[in-house]
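Enquirer: Pulled from Swiss-Prot, these are the listed features:
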- LYS310: active site, schiff-base intermediate with DNA (ACT_SITE)
- ARG384, SER415, PHE416, ARG417, ARG418, GLY424, ASP425, VAL426, ASP427, ASN511: dCTP binding site (BINDING)
- ASP425, ASP427, ASP488: Mn(2+) binding site (BINDING)
- 127-149: compositional bias 'Polar residues' (COMPBIAS)
- 35-131: domain 'BRCT' (DOMAIN)
- 126-235: region 'Disordered' (REGION)
- 263-277: region 'DNA-binding' (REGION)
- 343-346: region 'DNA-binding' (REGION)
- 418-427: region 'Involved in primer binding' (REGION)
- 464-503: region 'DNA-binding' (REGION)
Amino acid sequence: MDPQGILKAFPKRKKIHADPSSNALAKIPKREAGDARGWLSSLRAHIMPTGIGRARAELFEKQIIQHGGQVCSAQAPGVTHIVVDEGMDYERALRLLRLPQLPPGAQLVKSAWLSLCLQEKKLTDTDGFSLSSPKRSLNEPQPSKSGQDASAPGTQGVLPRTTLSLSPPCTRAVSPPPKAEKPPKTQTQLSSEDEASDGEGPQVSSADLQALISGHYPTPPGEDGGPDPAPEALGKWVCAQPSSQKATNYNLHITEKLEVLAKAYNVQGDKWRALGYAKAINALKSFHKPVSSYQEACSIPGVGRRMAEKVMEILESGHLRKLDHISDSVPVLELFSNIWGAGTKTAQMWYHQGFRSLEDIRGLASLTAQQAIGLKHYDDFLDRMPREEAAEIEQMVRVSAQAFNPGLLCVACGSFRRGKVTCGDVDVLITHPDGRSHQGIFSPLLDSLRQQGFLTDDLVSQEENGQQQKYLGVCRLPGAGQRHRRLDIIVVPYSEFACALLYFTGSAHFNRSMRALAKTKGMSLSEHALSAAVVRNSQGVKVGAGQVLPTPTEKDVFKLLGLPYREPAERDW
């Protein structure tokens, strides 16, 4: 294994932020092309990294400077905006800033405001984004929106003269630096010579690499090793809570009946009704006590009036009449949709063609190659394998891969990595710490596994996903009585390894929560990367990719999102 490859995976970032205890402006690298527009020239901002994350705060600072603005400390004369995390409140912000009150003319605004400004390339209204003191008296003058002078209509994007005259204006954030012989490097381009510039290079051991793979990090001295509590500001975000602290379901007698209906709607293709039931079921499972009245049911977010009526019917009669009227098609549709490669629409088509059993499908239906394989191994695919069998499958792939290159990393993800006792399938992620040697391994590895008789059927022989390559197939361990199992092999570049590891570990519910949280912060999370300053249109559709943030480990992803780190076993939602 190339040790330099490992070192590059844990870069030492150069900080570009102001000392919060100083009135001096931040020292910012040489401006990049694009300042000329200067549409942020009237902005003098301090970015408070708490909750936002240091890397994202640095990115905001860089964007402000690039577009003509200035970055100040919170105490600097003339500061106009102090930008804080979405979950921050006014009083806590002042405590962290060590200020008795906001500086004259300054506004406390949420980071979403700055993200919106960067997306629209103009200073936008701060209405709905600004934080004010709950103790503010009614006769105290209110700051004008987005720093505009209310007496001067038509001056959108220009800060009021009165605000700027309260104190001496800030000096320019940077003075023109001497000409460099080479263009300045961006944060993601810092090389090993930059890392060693302070005389101390990062020391990354094999234990660090093992921690990255397993997701288990050593507990610092003095800590009890239990899961960190979720920050209060993150509320009920699933990704902020350890799954080990799932609430007791006090309404099991209700949710188990609603789940039957939800499943019926799902196999019938009524996805919106199925989604509505799923939300109500999750809300009832999380409720802190048994539901006892119609009013109480209606008060639970996610449970509407009609759902509350069904809850009361179950409470009063112990039954739900709607279950008596589930179509006879539902069990047949469920049977068909469990064939790998057949979704709800295909299952419905087969039902309407008059098929009622797997024998009908086997003898009469027109099947794709994938559906034929799914039907052939129907019972094996539905049977969950013991954890020990999944470990043997991972080992088989690892030994074969490392026969080509001993430095390759192979990690089983999914329910196996989350510590489940049984697994439905196995996802094996493959990479190499040097960032290069994973290339060219995909096809030779699959050929080797086929020659050994380990891979028995190919479902999708190669699926390209950016720089990632994915194989979906069927395997069987050597020996009598072994069953056919679903296996996915994904080869990824090391720069995407942490985000891919997070994505393929799951759970799906946990991943959806993390992606949704990232979206609220103007970011985007995928199996490839975590990006900041993402541009979305009014429908929330991403139209600008933003800037990829460095994420050498899963821990970095959590940190950049302002989340406490959750080990894989704590993500089993």
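The backbone N, Cα and C atoms fix where each Cβ goes, and this holds for glycine too.
The shown structure was predicted, so the numbers you read here are calculated from the model rather than taken from an experiment.
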Enquirer: Across all protein chains in the structure, which of the binding-site residues ASP425, ASP427, ASP488 has the highest Cβ count within 10 Å?
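Expert: The residue with the most neighbouring Cβ atoms within 10 Å is ASP427.
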Enquirer: What is the separation, in Å, between the Cα atoms of ARG418 (dCTP binding site) and ASP488 (Mn(2+) binding site)?
Expert: 17
Enquirer: What subset of the recorded positions LYS310, ARG384, PHE416 lies within 10 angstroms of ASP488 (Mn(2+) binding site) at the C-alpha level?
Expert: none
Enquirer: Report the residues of the chain - excluding ASP425, ASP427, ASP488 - with C-beta within 8 Å of the mean position of the site's C-beta atoms, for the recorded Mn(2+) site, in sequence order.
Expert: CYS413, GLY414, VAL426, VAL428, LEU472, ARG486, LEU487, PHE504
Enquirer: Please report, as numbers and ranges, the same-chain residues at least 6 past the borders of the region 'DNA-binding' (464-503) whose CB is under 8 Å from any CB of it.
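Expert: Beyond its ends, the region 'DNA-binding' (464-503) has Cβ neighbours at 5, 9, 212-213, 215, 340, 373, 377, 380-381, 383, 385, 389, 392-393, 396-397, 409, 411, 413, 424-435, 438, 441-442, 445-446, 449, 453-458, 511, 514, 525-530, 551-554, 556-557.
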Enquirer: Does anything in the same chain, at least 6 positions from PHE416 (dCTP binding site), have a Cβ under 8 Å from its Cβ, and if so what?
Expert: ARG387, ALA390, ALA391, GLU394, CYS423, VAL426
Enquirer: List the residues of the same chain that sit at least 6 positions away from ARG384 (dCTP binding site) in sequence and have their Cβ under 8 Å from its Cβ, in sequence order, or write 'none'.
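Expert: ARG384 (dCTP binding site) has long-range Cβ partners THR422, CYS423, GLY424.
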Enquirer: Could you measure between ASP427 (dCTP binding site) and LYS310 (active site, schiff-base intermediate with DNA) for me? Cα positions, answer in whole angstrom.
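Expert: Spelling it out, the Cα of ASP427 (dCTP binding site) and the Cα of LYS310 (active site, schiff-base intermediate with DNA) are 40 Å apart.
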Enquirer: Quickly jot the same-chain residues contacting the region 'DNA-binding' (343-346) by Cβ under 8 Å, restricted to those at least six beyond its ends, or write none.
Expert: 266-269, 333, 336-337, 371
Enquirer: Given the dCTP binding site residues ARG384, SER415, PHE416, ARG417, ARG418, GLY424, ASP425, VAL426, ASP427, ASN511 in the record, what is the largest Cα to Cα distance, rounded to whole Å?
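Expert: Roughly 22 Å, rounded to the nearest whole number.
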Enquirer: Please report how many Å separate the Cα atom of ASP425 (dCTP binding site) from that of the residue listed as 'active site, schiff-base intermediate with DNA', as a whole number.
Expert: 36
Enquirer: Check ASP427 (dCTP binding site) against DSSP and tell me helix, strand or coil, would you?
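Expert: Assignment for ASP427 (dCTP binding site) reads strand.
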Enquirer: Going by DSSP assignments with H, G and I as helix and E and B as strand, what are the residue counts for the region 'DNA-binding' (263-277)?
Expert: 12 helix, 0 strand, 3 coil
Enquirer: Suppose we draw a 10 Å sphere around the Cβ of ARG418 (dCTP binding site). How many other Cβ atoms does it contain, all chains included?
Expert: 21
Enquirer: Within the chain of the residue listed as 'active site, schiff-base intermediate with DNA', which residues six or more apart in sequence place their C-beta under 8 angstroms from its C-beta?
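Expert: Listed in sequence order, they are LEU258, LEU320, LYS322.
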